[in-house]
């Protein structure tokens, strides 16, 4: 059987709920759409469904939770309906972004905040770009300066502007950006997830956005089928995502080091007595201050440094205009790309080395996408196009004009080009900008780690939400101090700006290439745009990034290998956690208790049923967990009402509160055993205390029982009206005031085949019916039974709620490979021992807790 949403039962409901949770505003909630229906519509769940008591079949035209690959055909469905809409008889619109209701004034304020949070990295790149480039390819004439400037100009136009601002920002997941947001977006449109504790109905929303068949739709279907049937491609996709995320974390280390070291390095221009060792010491002090203010939140810090960054960008533009007018306006001819060809022709290999330094002008491009959860797409685009890009271009033009007349200043061209009387004010502004704005990739790191942890690829950590209004603004204390320690190691061990710049390029290019590949998949699978455009995008940008990457890899032995090692360590942590969690979940599925055993135990479960509610926490989304048997054999009594609670994250940003819980009966009604899956999106905040959680749980289960009784009553009435009809397979329907159609009955198993082509069932309610209970035509008896069960639940609630926690650990079998023993018994065990327990989010008193441990051999 499919899971039910607080009184819901078809897997179609799960799919429709995920549509609304994803916030795909491009598809109106009342529109019909094209979906793919299995040719074999006997969509009854596989052996997993034997673990639950009620055996009502799926309705035709809805998704099944089985994993069998079947032929599909294109059909048009009715309006999307969420599980809770039947009760309210209304279809709410998809939840909108936090920023949609803002007026122009508020968007301008957001654009101002983006200066301090998103654009600090790319904004401080003029401090070091030319110095790193000319350290690898020294100036031998004016044409070298113009050629290097032309490279910088077109790198800024191609990567930050065209690729990220105009293309990648639109590949967001309901306002969420970053590598894992792309991955979750792909997982919802194709069953490619290898993450544990995920039901197919969670990841399968509506497969395609096109309303009519087309060549692009057919191509997308073939790609989707290929991704879903190939285990190798699934693993490769996950490896790419983890590699990209590890590079983002590495970027969060090297970005503050590079920005602060470059800004403080200006002291050597203003004070001759300053040496590199003093620059390193001052940089260390500044970095400690930088990471210490992270806890104050993105909004507070963004507002505080927004004015500083605004002054910084204005200073860049002012200095650039001053140098252009004073020295040489002929540098404007660098907008002619032919100078790039001439630059490579004159310098050949040295010019290729200089590509690694040229890329530094585009660092921070990924931050625009990864930090998207903090601000809206429009505010980032507006700020970059009309403020950031013009100021950066003027800044680079001014530095080039200065270098044409003063080529000896190539070591620190920015600080040397500052007019004499303005040096110290600009130096102060540059250090403030670099100090605070270098936190750009740190905030992106927090966002990516939260997403990866929610999707099962990173150990659970304490997450502090720093804004009551914007739930995406977070702070992770452990990661913050961990990044500080590694950043200090990098600064102290690699004191050269050129070597840090090379490490910077490695981290930045790694995540850029992963983003290019994932966005290409989004274009093919979800956007379904012309194949020529897709090929042009991937060939051009991936080829460009591989060219840059070949340049930085050539110099990896100069100390930048530290960043590669750090990225590999983070990748292994994520991969080991995902691998161990997947093994643990699969083992729990295999060892779950059979329903035959539950029936043999009887309604008392072979023990004494004491008044109260027992919430059995486990990670199993289907079936009775094996650890429940330990509770039965260990405890002298068990609670009169048992609810198996599985808190899990689904690949959507947010799940509406009304759709939070999925319920169903696990055993016959007299057992009083239910399963509840509390679903959260990776952007959701779990701040409710245990009393609030209990209240929501009880209210939802009452709704489930109430709607179950109402449907039985309506089904019973319908049976009386159709006693003489031969075809009883057609579902009776209810027409809502908004015109939506709801099914009010479920055909019998024997009649399911004949109803498989009934189009009305496509808009069916997700209500699940307990098939074994007899249908009593007496409405009064049904009402009495309903009231008795509600009264039983209230009395159990009054007796108290106890949290029964099952901690399942895994150990490798003795005959396992040595590597598996090492990974599972030591590395994964260490991560699991030191990660945050899932129950920690509910602040449950110890007097209400009862824990039992169990070890699985894998």
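Even glycines carry a Cβ here, placed using N, Cα and C.
Quantities reported herein were computed from a predicted structural model and do not represent experimental measurements.
Copied over from TrEMBL:
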REGION    1-71  region 'Disordered'
COMPBIAS  37-54  compositional bias 'Acidic residues'
TRANSMEM  108-128  transmembrane segment
DOMAIN    110-596  domain 'K+ potassium transporter integral membrane'
TRANSMEM  148-171  transmembrane segment
TRANSMEM  236-259  transmembrane segment
TRANSMEM  279-296  transmembrane segment
TRANSMEM  303-325  transmembrane segment
TRANSMEM  351-370  transmembrane segment
TRANSMEM  414-437  transmembrane segment
TRANSMEM  474-497  transmembrane segment
TRANSMEM  503-526  transmembrane segment
TRANSMEM  533-554  transmembrane segment
TRANSMEM  560-580  transmembrane segment
DOMAIN    611-856  domain 'K+ potassium transporter C-terminal'
TRANSMEM  626-650  transmembrane segment
In contact by Cβ distance (the transmembrane segment (414-437), the transmembrane segment (279-296); 3 or more pairs under 8 Å):
yes
Among 351-370, 414-437, 503-526, 560-580, the stretch with the most Cβ pairs under 8 Å to the transmembrane segment (236-259) is 503-526
With the transmembrane segment (474-497) as the reference, find which of 533-554, 560-580, 626-650 contributes the most Cβ pairs under 8 Å.
560-580
Would you report the average pLDDT that the model assigns to the domain 'K+ potassium transporter C-terminal' (611-856)?
70
